[in-house]
Each structure stands twice: as structure tokens, then as C-alpha cells.
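Note sheet for the following structure.
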Amino acid sequence: MSSEPLLRARGVHRRFRTGPTVVHALRGVSFDVAAGCMVALVGRSGSGKTTLLNVIGGLDRPDAGTVHVDGADVTALDEDGLSRLRREKVSYVFQSFGLIPVLSAAENVAAPLRLARVAAAERERRVELLLELVGLADHARQRPAELSGGQQQRVAIARALAASPRLLIADEPTGQLDAETGLSVMALLRGVVESEGVTALVSTHDPVMMALADRVIRIHDGHLHDEAAGQLGEPVPDAG
Amino acid sequence: MNRWLTHRWPAPHWPSVRGRGRTDAGALLLTAAVIAVVALLAAAVPALLRAAADDAVQDTVRRAGNESHLLVHADWERDAGPTGGRLRISRLADDVDDLRARATYTLGPDLDTALLPSIAVVNSPILRITDGNLPRTVQLTYLADDLDGPDVTWIAGNAPGPAIPERSIEIPYHGPPWPMQVGLSEADAAALQVGPGDRIPAEDDHGRDKDIRISGIYRPADSTDPAWRLAPALLRPVPGADGPGTTRVAALLSRESLPDARLAFDQDQLRRTVHFAPAPDALTWEATTTLASQVVKLKASSGSSAARDGSLKWESQLDTVLRDARTQISAAFTQAAVLLAAVLTATVLVLLLAADLLVRRRTPALSAARQRGAALPDLGAELIIESTVVSLSAAAVGLALAHTTAPGASWTWTIPVVLAGAVAGPTFGTLAAARASRDRHQPANPAARRWILTTGRLRRAAVETAVLIAAVAAVGTLHQRGLLPDTANGDTGELTGDLILPISAVALSALAGALVVLRLLPVGLRIVLRQALRSRRPLAVFGAARAATTAARALPLLVLVSATALASFALVVGATITRGLDDGAWHTTGADARLDISSDVQDATPALAERIAAAPGIEQVVAAQITDSAPLFTESTLLTPRLVIVDAAAFGRLLATTPLPDAPALSQLTAPGPDPAAVPALVRSSTGDLHTGTQLQLSLDNGPTIRLTAVGTAPPVGGAGDVVIVDAAALAEAGLPAVPNTIWVTGPGTAQAVSHSDVPADIVLRTDILQAQRVAPLTAGTLRLAWTTAAVLLALGLLGLTLAAAAGAQERWQTLTRLRTLGLRPRDARWVAAGELLPPVVVAAVCGPLLGALLAHLTLGPLELQLLTGQAADPATVLPWWLLGLTGVALVAAATAVVPVEAALRRHDRLSEVLRSGE
């Protein structure tokens, strides 16, 4: 594990205005995540989990504070810079899988590689490897509708790993899966973190996932409470 | 417990109804606007057509002129006297009045209302004037109406009186010519150069002289009196009435001179006829069937023409004229019905699409309500209350506007639109709510997933097969049965059940064609996708992938292809009618103008032709002698075709500069024929009596008999079925010089040049004929409807495109946003969006017009458009490619505009919303 954290958030504030009402989703959130870690982000609905993931992934901009991913200041990047960040360093796994229905499992996995203009041979090799990794080598030519929900989420994970990101963000990845399938997906995530050396930040309600994580960060009303593998931990002091 | 005891009526949650209405006011108003506009069109068109139908009947009857008169004849009582001679019956005019009264009584109330007061006409045979000058004829005529004949002023001499003072006298058969007094109009007297006291030297066909004494010269008090139309020669000489080169004058008999006229001719030579002219303003389309059948009954009840008694013998073409008018009207009704069915089909599809959009917007709220425990019947009731209020209110507005535009508007055609508006939304909404409480997980069992896919495919295939079968059956019925109502079962003018299928043929075929395109598009897009996957361009892959994904959505493509195809079909109908009218006008006149020269000045024709040719803006001038019913003998029979004697080369040049079909065979008229002793002729026959190789003998006006030999096919000349064309020079060489009586003129300066003609001639301008056809009530109405239908269908297509884009916007945004999480740049996302939207639109823009053209090719024949254009045969289908292309361009332009508009509308949407958004 590198001494430099892969993810560094400092004093992140995010407010939403709904008419006259202002909702503070994040209130000065600061934390670091070391490379190669699997972090479970837990909290009740509306606690700010998704907002935090959005800000970290560059899908949303904070009102204040900074987020660095692999040394890049996400909050300072323009649209092209964010596109490049998402292409090269950050990837996502959606609760609803987000696969392209008419493309086969292999073609879905290859999508980020196409955007990164990876050569066809290298692309095919990488896709084959990833499908092997998620246990779907025999389903490469099948379309999402021909796969079960768990298999679709495995394809989504393979796609997220395709461009060899440094950070994988997954928001409730087992939300649409039954318990057994969800467990296998979580185990897969745990496995790929280790095998691919990727850092994973996963929001979840699933206690099994929390058990699989290297670290659990609880978020409540926009504040963080850090606990390492089942123990309460101190949040990183606000740099600001 | 009995289910009825536990049953409860749906209990709508009114605040939800109001809330949904407020939230989706825009979409509901759009639906209402579509229903109102189409209801206005569907309700007003039949009423406007019914009004046009009355005008059309009146117009047709007016154009038919004397052909539409109802005539009745009756023989005279014999005038044999007690001593073997003939009695002079002094009250003979009373017999004529009695005939009028009997005939009027026999008519019955319906015909009596539809006809003008009768006019009795007593005519003598045509007599040849023997003053040795020009070939002239004279006819003696007595007119009687309710006012005892048309009023005249005797400007010289007196009204005709009895030839002898005795009221009753018996004369021997075969005695000397019996004298009779007549009056002459000023023009006739001037033409004959006679005055009061003079005699008109005349003889009958047997060469027997007649003693016709002129008692006076009259001037009509009102030359437009309908009675004069029955004997126009009573006003002035009529050239050509008894053959080319002849002029007829007429002499007026009075009540007092009529008995002498009878004695002056053989027993039955004086013919009495009562004319009933239709009162066009009193004719209505609804009455045509009754009137026609009553005329037929009268004709059927006629006494035998061979019977020598006083029985009434009816003659009329009025029934045929009315039936023709009714056939034309029925054709216009069914043509309008075909176009309306097209509009309604597209409207129903658009309303389904609008309902789909509305339900997509409402699905989260409906799902939430369902998950909170709302019962499906309650939700369905809420939705149906809303949609019914919207649909009925909109239809009421449309109907009210239709009533303002066209009194008597009917709501029948609005039913499908109102039903679609009222039912589609609640059905889709209830299904969406029902899905919310169902397990949405994809089954883990592959067999279960396959079963779901298979049942879905089978359901869709069943629906598509049903539509295809219906379309094939409809087109088959259209071709076998046609579109005209079944007159054998009594044509009521209403759309009967047996007409529904053929009327729907075009709409069903468009739908079937759209389904075929719907089946083929995904196949095509998968091929494109496969190609894109081999390429190095990621945008092509994602665009094609999106297009292939959304191609599975049936409604948008059905709306786009059907609306475009039906709009194209309407454009083809409009263009075909327009060109048909134009062609009809060319065929009627044969040039930009045709001058029919009066027979008494035909010597001036060549000089007139030269003067016209010298006028500015004249391209072609051709003079010809046209003789209708020219006596031509074959070896076995007498034929009476239209004989055209013309400079063949000039006629060929004329045809070459007009849209009329060229006639290269004309050159054969000036080349040596197979028989050097015969003049070459081109022939045309509707019955096959005339064909190449036919040998003919022509004899005109006591001229030499000329042998003709048919060497080719003649081009059509006017509406004549049988035509013979010979070259004027060749005929002159054979001894029969032509006397041109017709001049054809072409060129932009035609109207100006012929208007200054100083020679008496009937000038027939093509533009006048065309204009008259265009403004004819049914033609104008159907043309307007065709263009309006095309515009409405195109608007529906564009609306469908907008709705389809809006319905897919959320999903498209989610996909694009997910692609952006993979690293797609914002500006590239627009290309992917265009890649999704454009393929179905381009396919619709290309396939729609092609399908419309195919539909026109398949169905225009049975549509009987020639009944509107007045052509003898079906008008040639005209494909207005630039208009069809414009339809496609409009669609593509609209689709292209959707992408930036959508991007602008979405610019405030946060990318972050995608992380949690479900599919």
C-alpha cells in the first residue's frame, strides 16, 4: 500500500436548495483512502452517501472543499478534464447495472476501452481477461436480457474495471439483487480489489459488505464517522 | 361470501386527479388540441361534402342542359273527317295544353317540385328552303307555356292567324299545299330577306312544296326566356344545326295558325312534345335517387312508340344525369372517407404516443401510489375521469367549431379519436401502476427468461399478422368491390358496413407497411451496429447501439412511417387530380385555345388563322376541318366517326409542343400509302371497328367519293371515341378540298390573340376549361381535402416525432450520462443522441414517401379519380417527388433540431442524478 492516499477529501461541503429550503448534504467532509483499499460507505437514506460519491467521482461539484484522486484535483477540473478522469482513473458501478441492451456482455465490457481508443487486439484480450475474472467467460456473447441480474452486475463490474481505473465507485451495487446474488457480487468486488489493485468505495446497507470491507465509513447528516473493519475510528481532521 | 357483496366501486382520490392534471397540464392540453383539431376536420368534412354534393348535382344538371330535360310525347288524335278528308281542328292548341296538364299531373309531387313549369313545343319536320342560295332549312315551331308562350312584340305585320276564316273545314288528302301563317324573328327575316306578306319557299324530304306565309316580324320581349332555348332558331339562324354548311331558321306558329300547320303536313308529321326542365336550385343530393327512379318509372310506363294513340311517351336522360352525378358524389364521399380514415389512423397513433409519454412521466408517481396501497381500479378510475374529461371537452370544442364552419357537422368520424384519447392513457397508466407491484427482477432461470421473451414475441407477431391480414383483405376488397356504394341495394349516401374495409385499405396498408419497416429496421440497425463495432469510432458504436435499442419501440416508428406514408399518399392524390384536370383540359381543347368557326363564315378561317399566327406570343396555329358523325362506309357498314382533315405535319408539330400524346404516325399521312389510289388515314376506335388496314369510303356534301385506307393509329381528338384523321393536302389532291372550321392555337399570347378575332367563332380557352373544372364543387372540395389531409398528416408526423423524442428523452439522457461516466465528452454525447434519433427518422423520411407512392399505385385505380377529373380513363398517377422529398426533409430537419433543443433543456440537469436513477 502506498504512503500517499489515493483519495483525499478535505472540507467538502455540498448544499442543495429546494425553493426556500437549503439541505446540507455534506458538512465539511474530510477523509483519506489509501490505494488498494476497499471502503464501505454506510449510512441511512439521505445521509449524504450518494452526494459524497458524486463529488468524489466528479459527477457533482462541491460548494467548498477539495477532492484529490490519484493526485488530480477533481474539483478543479473542467468538463474535458473530468471526462479524462472518468476515462482513466475513476469508474462506476450502478445499482441498475446501466448496460447497453443491444451489445453483448463482451461489447459492454469493451465500451470504456473503445472510448479510450485501445487497439482492438488489446481490447479483446482485456475483455476476455475481465470476463474470466468475473466468471462470465462463457457468457461473452450474450446480451444483458439473456443474463440474470447478478450476471448483469458482474458484467457492469467488469466494464468498470476495463480501463484499469485507480478508483471504483459503486453505489448500492446489490440494491436490485437478491441476498445470495448480492453476496456473490460483493465477494467478486472484494476479489477484484485484491487482484486488480483497484481502490473501491462502495456505498451499501449490506452488513456482509461491511464485513468484507477494509474500512467502513459511516456518514450521518453530512458528517463522517470512520471505523476500521468494525472499530470506530477518528475522521481525518479538516485540513481547512 | 358473494363477490358482489364485497365489491366496491372505485373511489378516485380527487386531490391526486387535480394534482396530476396541474402537473401535466401541457401534455393534456396538447392531447386536447390534437383531438379538437381532428374532430373539427372529421366532423366538418362530411358536412362540407354534403353541401358540395348539392352544388355538384345542380352544377351537373345545369351543364347537361337539354339532356337533363324530361320529355313527353303523345300522338295527335286522328283528324279524319266524315267525308274521307282531313278536318281542320280549330282547338288544336287546347289539345297541346291538355297534354301539358296530363303530363304535369302524371309527374307526381317529387318530380313536380324538382322541375320547372313545363313548356310544350310543336315542331314541324325540317324543310329545305328552295330559294337557291345557301343550304338553309326552316322548321315551324309552336311554343306554349303557362303564359301561352314567350312574349313577343310584333314590329312588322301581325301575329299569325288562321289561313281561312272558317273555324272548321274538311280538306281532301293529297290536295294542294295548305297555307299557314308564321312569324319570323328580325334576324331570321333579315337572313332570308323576307318581310310580312312574303312566302318562304320550302319543300319537304319528298320534294313537296309548302305554302308558308309570313304574317309578321317579331322581337322577343325577353330573349333569355327558357322557352326560346328549346328552339333557338326562332331567335336567329343557327349554323350547322342540320349538318356542316347548313343554316337553320325557324318560323313561329300561333294558337290560331297551329291547326293550319297540322293540315299542311301529313297526319303524324307535326310532333308535339312537352319539356320539363329541372329546377337546379331545387335539386338536392339526397333527392337524386328518388327522382332518378321516378323518371325511370315514367319511362317504363310509357306507351309504345308504335302505338298510335294519345298515351304519354316519356323520354329523358335526367335519370342518367342524376345517376352520373350521384356516382361522382359517391366517389367523392368515399375518396374523402379514405383520406379521413388516413387522418384518423395517424391521429389515433399519435394519441397513443402522447398517452405513452404522459404515462412515462407519471410512472414514478403512479408506482409510488400503488406501492402505498392504492388499488388499481381506483387509479384507473382517476385516470379515465381525467382522460374522458379532456377528450370529450376537446371533441366538443372541435364539433362546435365544425358546426360553425359547416352546419350539419356529424360526430360519427370523431368516435375513434375520442375513444383513443379517453382509453389509451388510463390503460397505459394502469398497466404501469400494476407493474410497480410486480416482481421486476430478471429471472435467474434462463428458461424462464426465454419464455418471457418468446411470449412477448408471439404476442407481437399475432398483432402484426392480424394487421397484415386486415390490410391484404382491405386492398383485395377495394379492388374487387371498388369504393362506390352498392346501388343495387339502394345507395343511401351513408357509409355502409361493406364500405368500411375498402375505405380503410389505404390506412391499413400504411400501418402494415410501417409494421414491415418496424421489423426490418432493427435488422438493418443490427447490421449497422455490427459494422460500427468493427470500426475504430466509438461514437458510431454508441449511436448505433442506442438506435438499435430504441428501434424496438413500436409506436414512434409506426407514427412516423404511417403519417409520412399517408401524407405522401394524400399528396399523390392531390397531384394526380391536379394533373388529371390539366390533362382533361388539354384533351378538351387540344391546344391553348380552340376556335369553332361559324359555318356561314368558314371561308374566312385560313385568313383568321394567318392573322392569329402573326400575333405576338403565338407558337402554333393549325386549322382543320372537323366533321362529327362523318359518313364513312366500310365494306359492310356505315360508320360515323369524327373526321379530322388537317395539315398532318402542322398537327404533329402542335402535338409535340403540348402535353398531349405525340403522334409520330401522322408522318405516314403524307408518305405514299400501300394503295396509291387511296388516301392514307389514321384511325382510332373505341369499339374496334376501325383499325390499321381498314378500307373506307368518304362522301361529304355531295362531293366525290374518296377511298381512304387506315395506315396507323390516330391520336385522340377531343372526347370522340372514333376518329379518322387525313392530311388536308392529300385529300385535296384526291378531289375534296377541306373547308377548315376549327383553329387550334398554342403559345403564351393565345388568349390575347384570339380575343381580337373579328370572325364569329366559339372560342374555347384551355385555361377557362381548367378553371371551370377546378372550381367545380366536388373537385375543388376533394382537392382542398387532399392538400389539407397531407398538411395535417405531416403535422401529425412532426408531432409524433416530438412526442417520441420527448418519450425517450429520459432514457436517452440516462444512457448518455452513463456513457459520460465512462469518459464520453459532452460534445460527443450530442453525436450519440443524433445517432439514436436520426436512423428511424431517416428511415421514415425515405420509406414513408416510398410507401405512400406504393399505396397510390395500389389503390388509385379503384378510387375512381377520373370521375372528378372528367377524363375517360383513370388519370395517370403523378408522384410529386419534390413534395414527397420535402416531407422527408421536414422530418429529418425536425429530428436534427431535437438534439440541440434537448441539450439546451438538459443543461441544468446534474450528471450526478444518474448514479441512483433506475431503468
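Positions of Cβ are set from backbone N, Cα and C atoms, glycine also.
Those TrEMBL annotations? Automatic predictions, nothing curated.
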Of B:24-42, B:461-479, the range TrEMBL labels transmembrane segment: B:461-479
As a test of reading the model: what is the averaged pLDDT for the domain 'ABC3 transporter permease C-terminal' (B:789-896)? 88
The correct DSSP tally for the domain 'ABC3 transporter permease C-terminal' (B:789-896) reads 87 helix, 0 strand, 21 coil
Cβ contacts under 8 Å made by the transmembrane segment (B:413-434) with residues that lie 6+ beyond its boundaries: 31, 34-35, 38-39, 42-43, 45-46, 340, 344, 347-348, 351-352, 354-356, 358-359, 362-363, 366-367, 369-370, 374, 376, 379-380, 383-384, 386-388, 390-392, 394-395, 398-399
Long-range Cβ contacts under 8 Å made by the transmembrane segment (B:336-359), restricted to residues 6 or more beyond its ends, are 24, 27-28, 30-31, 34-35, 38, 41-42, 45-46, 49, 366, 387, 413, 416-417, 420-421, 424-425, 427-429, 432, 483, 495, 499, 503-508, 510-511, 555-556, 558-559, 562-563, 566, 569-570, 573, 781-782, 785-786, 789, 792-793, 796-797, 799-800, 803-804, 806-807, 859, 863
Non-local residues, at least 6 beyond the ends, that sit with Cβ under 8 Å of the transmembrane segment (B:785-810): 30, 34, 37-38, 41, 45, 336, 339-340, 342-343, 346-347, 349-350, 353-354, 356-357, 360, 550, 553, 555-556, 559-560, 563-564, 566-568, 570-571, 573-574, 577, 836-837, 841, 844, 848, 887, 890-891, 894-895, 898, 902, 906
